[in-house]
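Visitor: Please see the structure below; I have some questions.
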Amino acid sequence: MKKKLSIAIDGPAAAGKSTVAKIVAAKKSYIYIDTGAMYRAITLAALQHGVDLEDEQALDALLKKTVIELVSTGEGQKVHLDNTDVTEEIRTDRVSNQVSVVAKHRAVREEMVRRQQELGKKGGVVMDGRDIGTHVLPDAEVKIFLLASVEERAKRRFEENQKKGYDVNYDQLIEEIARRDKLDSEREVSPLKKADDAIEIDTTSLSIQEVAGKILDAADRVEKQ
């Protein structure tokens, strides 16, 4: 029987991590864990409760009493915040523009990493985020780091938002993604960083299926070792 692997997929905002991770998880019959959705959920909770996003203690206290669940359904994974489906709401610009602010706090990241490690400890998981290969699953057998230009990522997010009927501005998206890159890369705790043993994939000129194929090939190579 093949050993169930842990697959860590990291990369900057809008690099296609979640889309690719879902495909890889489905092909491998693994559990998909969207860590970004967890940070988005606590960001939404903070906005709903009027918590100052720079107040680390207040955010930590809120997180400790907040239930965030990733629920598998026939329509894909849903995100529940205290038993309420917030799958769509966490993808709005209101949340997207603030999630990096919330995610920079040490106390928030420590609690999230603890929850994520608990979810991933049995293997057979595909987890995507900013610090999966470096902090959450440092022993993952397959580590991937996705790259794409800011312009390409803004284009993808623009098209994604248009399909959902959101009013979006391409130039504004470029600015927001560049700002998130800066926040994610420069934060003190678990910054966005490629793990030393991660395979780097530039997705700029690749389709989602091609990227997923490269990751599945990497997993196959590990399984054959």
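Residue positions begin at 1 at the first shown residue.
Including glycine, each Cβ sits where the backbone N, Cα and C put it.
Found this in Swiss-Prot, in case it helps:
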type	residues	note
BINDING	Gly11, Pro12, Ala13, Ala14, Ala15, Gly16, Lys17, Ser18, Thr19	ATP binding site
Visitor: Using an 8 Å cut-off from the Cβ centroid of Gly11, Pro12, Ala13, Ala14, Ala15, Gly16, Lys17, Ser18, Thr19, can you name the remaining same-chain residues around the ATP site, in sequence order?
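Guide: Going along the sequence, the neighbours come out as Val20, Asp128, Leu146, Ala148, Arg153.
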Visitor: Name the residues of the same chain, 6+ apart in sequence, whose Cβ is under 8 Å from the Cβ of Gly11 (ATP binding site)?
Guide: Lys17, Asp128, Arg130, Ile144, Phe145, Leu146, Leu147, Ala148, Leu192
Visitor: Look up Ala15 (ATP binding site) in the DSSP assignment and reduce it to helix, strand or coil.
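Guide: In three-state terms, Ala15 (ATP binding site) counts as coil.
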Visitor: With every protein chain in view, how many other Cβ atoms are within 10 Å of the Cβ of Ala13 (ATP binding site)?
Guide: 24
Visitor: Are there any residues at least 6 positions away along the chain from Thr19 (ATP binding site) with a Cβ closer than 8 Å to its Cβ? List them or say none.
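Guide: Listed in sequence order: Ile208.
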